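Colleague: Sharing a structure, written as structure tokens. Questions coming.
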């Protein structure tokens, strides 16, 4: 992943690293992506928002920049950083807007966007009526004496600005680590929510004792302490039997572990961050959480989500269903997903997995790398950079062997097929992006072209006007899914049973339409690529129903003592 944190700090609104969501983690493609290309995307988005705020509120550009900063929270000095950015860049932006140039011209003039020699000009908006060269020369003349131009030409990077250095470092650490940064006893569980804390895996109930963590078998039936953090401990005074023994023995407790990519982590950029007609202080209340969770929302994901869904649909995550089935499973979840993950680097993710074969309960592991093996940052010939069936076979076998050495006996592993991404273009290409809704000037076709030109597209194979390329990408995805199916049918392992499920997106679309929804409503509005919260919960419902019908043993028994557990322990300490 090529320094995805840099784009996050051009301005606090530049928390739009579309690059971090998918193929940026191809470790065997060094140097193919330049971080300043992400900075260009961020600049164009933020400058567009500033311009639209001035339009909607009939205000000056200076007032709109200050309005944007006023919306941001104080936490992580986001508001302060924003005002400092206005102080540094504001005067030049005002001068340029006075000449009626658009965001593309502003960002090229300030050199956050640069046309590489021999490369096409990358732009989000239609080109000016005058020639681009003439327009850019006029704009550069306006700011040529600006001291800030010396900074942008130095190549020092936004993070060299003193007031942003701390933010940069924190975000960089958050993205780099797949285990909690705040973990006193180093047991891979935390009492802190973000920075890979309990939003990602069950909350620790004693961060000073590494023998206490979610998912372990109870120590002495937890008569004196809650060693597995499921909220069930102590002794029933009526008969002297430990509650854990009385309520959980023989109930087949198990955890849920996801090995996934940005879709599994629930990569999400709220549309209200870019839609000025909806923008307010409330729009950015969740910004600090999003920053420290890598713009992922695992706490609301389809596999390990535990918070109430904002989508207001009745479906729950796999974890919440397992917990409802057996309340002894409380807090036993791990979302080992990462933006950009694929079969090429999944084995390294397993190093952050927490499961002790002797001390812990079995687990259900879902392998769901649904796109990055066919999605990559190459602008030319992306097909040649896709994972081949032979490579996938080798990668997945290595992963399964690693899992076999980690998982307790009685576990289960489900291989999930790749996505059917042609749906994206077919559904979105003519629709307006949130940034284009005010003036009807930015469609998803324009967004896809802009990202593709900069070589930061999450998936150039599917987010492309080239029908042949989309078909080739879908063909390779199908080949890889078939490879996963063959592995599941032919391989056996000592400590787990192995299964395969298709990524049946059409079934989810049909279910959503029965509920009165439209297909485009299942895709993340800002990036135009990821399944959104509704889609993820519908996928969870689909997976649960299929597993329950085909392999009911995977889910374990329903615990008849659930009512008693709730009566004695309430919410079991919450999440």
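Placement of Cβ uses the backbone N, Cα and C atoms for every residue, glycine included.
From a predicted model like this one, the values you see are computed outputs, not experimental measurements.
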Colleague: Which stretch does Swiss-Prot mark as region 'Lipopolysaccharide binding', out of 172-176, 177-181, 182-186?
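Modeller: Based on what Swiss-Prot states, region 'Lipopolysaccharide binding' spans 172-176.
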Colleague: Looking at Swiss-Prot, which of 206, 335 is flagged as N-linked glycosylation site?
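Modeller: Comparing 206, 335 with the record, Swiss-Prot tags 206 as N-linked glycosylation site.
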Colleague: Looking only at C-alpha atoms, tell me how far residue 226 (Ca(2+) 3 binding site) is from residue 207 (Ca(2+) 1 binding site), rounded to the nearest Å.
Modeller: 13
Colleague: List the Cα distance (Å, whole number) between residue 206 (Ca(2+) 2 binding site) and residue 229 (disulfide bond).
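Modeller: The Cα atom of residue 206 (Ca(2+) 2 binding site) is 8 Å away from the Cα atom of residue 229 (disulfide bond).
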Colleague: With every protein chain in view, what's the tally of Cβ atoms within 10 Å of the Cβ of residue 229 (disulfide bond), excluding that atom itself?
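Modeller: The Cβ of residue 229 (disulfide bond) has 25 Cβ neighbours within 10 Å.
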Colleague: How many whole Å apart are the CA atoms of residue 375 (disulfide bond) and residue 222 (Ca(2+) 3 binding site)?
Modeller: 47
Colleague: Name the one residue among 69, 107, 168, 209 whose Cα is closest in three-dimensional space to that of residue 187 (Ca(2+) 1 binding site); these are the recorded positions.
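Modeller: Ranked by Cα distance from residue 187 (Ca(2+) 1 binding site), first place goes to 209.
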Colleague: Identify all same-chain residues not among 222, 226, 228, 230, 232, 244 whose C-beta atom falls within 8 angstroms of the centroid of the Ca(2+) 3 site's C-beta atoms; report them in sequence order.
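Modeller: Same chain, not in 222, 226, 228, 230, 232, 244, Cβ within 8 Å: 218, 227, 229, 231, 233, 243, 248, 328.
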